[in-house]
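Engineer: So that we are looking at the same thing, I have put the structure below in structure tokens.
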Amino acid sequence: MRKTAILALEDGSYFVGYSFGAEGETGGELVFNTSMTGYQEILTDPSYKGQIVVMTYTQIGNYGVNDEDIESKSVQVNGFVVKEAFFRYSNWRAKKSLDEYLKENNVVGIYGIDTRALVKKIREKGSMKGVISTVEKDPKKLVQKARELPDISEQNLVEEVSAKDIYYWNQGDYDPRRGFLYRENEKPLVAVIDFGVKFNILRRLVSEGAKVVVVPPENAKEAIEKINPDAIFLSNGPGDPERVISGIRLTREYMEKKPIMGICLGCQIIGLALGGKTYKLKFGHHGGNHPVKDLRTGKIEITAQNHNFAIDPESLPEDVEVTHLNLLDNTVEGIKHKHLPIFAVQYHPENSPGPHDSYYLFKEFVKMAQG
């Protein structure tokens, strides 16, 4: 027998559906993702820490869960919302169902609700806080709990997902016949500052020839002074970039000493370090089909995105240029310093899930690191 679950929002509305994954209660900021596939990568993306993800595609879970398509060591989302959850799956790599995977990771999910109506609400009103519960049956109480949740901008989420110790990474891209390809690269040495880095970012750097060392953001300066990398990479991560003071200070310390590249949160940190400002988007960019224009070449890239904040182009100093624009809302998707070896993109060129249009950025960065 299916167990009832309720999703209640801070605006007073609620949706009644069915439970899948773990039972219990969870809360967070609701965002929607437009990807048709890649739910396992989405679930394990540290940038989703503190959020409940709503999938716009209707059928989720039909290819199960495998051991390879993970972007961190555990599921990161606070909750999961889908229209139709598949409890039976079919894929040659699958090891378990999505339902089993969520249970193992203690993630509360809800299915069987009108996700189209929910997404329209988020799109029109903006991201809002919500609570999923299988234990509390009074929607009014759940609405009140949603309203009492802390704002995502008030939380230090990077601290929850970043590495605690330095470690080296040599796992490259995945080959369906041979598995992950490992490489013992020697040069250039790239220090990845881990604000919640996705595994596929590390794999892409290794596959392009870099030797990768992952460094926690706290005390990163001491680590960099010790290992003396050829370049610095600022990773993706959750939350408000203005709260990542350590990353902003680190970028300012080394922006005239080392080549630096940033992705997602790393892009915003670079923007702040260079003198710009950031702001929160109404409902963020989350999905694998966002068109971005490279203003230098005129080419259009289809990109994977997952961010809630953006750089204000009017705030950037004259020596920083905007290199990429989102064609859906004209927000900044890439910046570059005119004189220093620093560039960053707001989207995810490593895909996972998503297209491969922007792989060239890793090649450019590794070449820059080689001097």
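Just so you know, glycine gets a Cβ as well, placed from its N, Cα and C.
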Engineer: Figure out which of SER47, SER72, SER74 sits with GLY237, GLY239, LEU265, GLN268, ASN306, PHE309 in the L-glutamine site per Swiss-Prot.
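Structural biologist: Swiss-Prot lists GLY237, GLY239, LEU265, GLN268, ASN306, PHE309 binding L-glutamine, and from SER47, SER72, SER74 it also lists SER47.
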Engineer: Going by Cα-Cα distance, pick out whichever of the active-site residues CYS264, HIS348, GLU350 is nearest to PHE309 (L-glutamine binding site).
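Structural biologist: Looking at Cα distances from PHE309 (L-glutamine binding site), the smallest one goes to CYS264.
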Engineer: Please identify, from the recorded positions GLY239, LEU265, PHE309, GLU350, the residue with the sparsest Cβ neighbourhood, meaning fewest other Cβ atoms within 10 angstroms.
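Structural biologist: Ranked by other Cβ atoms within 10 Å, the recorded positions GLY239, LEU265, PHE309, GLU350 bottom out at PHE309.
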Engineer: Ten-angstrom check, please: count other Cβ atoms within 10 Å of the Cβ of GLY237 (L-glutamine binding site), all chains counted.
Structural biologist: 31
Engineer: Could you give the Cα-Cα distance between HIS348 (active site) and CYS264 (active site, nucleophile), in whole Å?
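Structural biologist: Their Cα atoms are separated by 7 Å.
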Engineer: List the residues in the vicinity of the L-glutamine site, defined as same-chain residues other than SER47, GLY237, GLY239, LEU265, GLN268, ASN306, PHE309 with C-beta within 8 angstroms of the site's C-beta centre.
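Structural biologist: Checked against the 8 Å cutoff, the neighbours are PHE195, GLY196, ASN236, PRO238, PRO241, CYS264, HIS307, ASN308.
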Engineer: List the same-chain residues at least 6 positions away in sequence whose Cβ sits under 8 Å from the Cβ of SER47 (L-glutamine binding site), in sequence order, or say none.
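Structural biologist: Sequence-distant Cβ neighbours: GLN76, GLY196, LYS198, ASN236, GLY237, PRO238, CYS264, LEU265, ASN306, HIS307.
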Engineer: In terms of DSSP three-state secondary structure, what is the assignment for LEU265 (L-glutamine binding site)?
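Structural biologist: It is helical.
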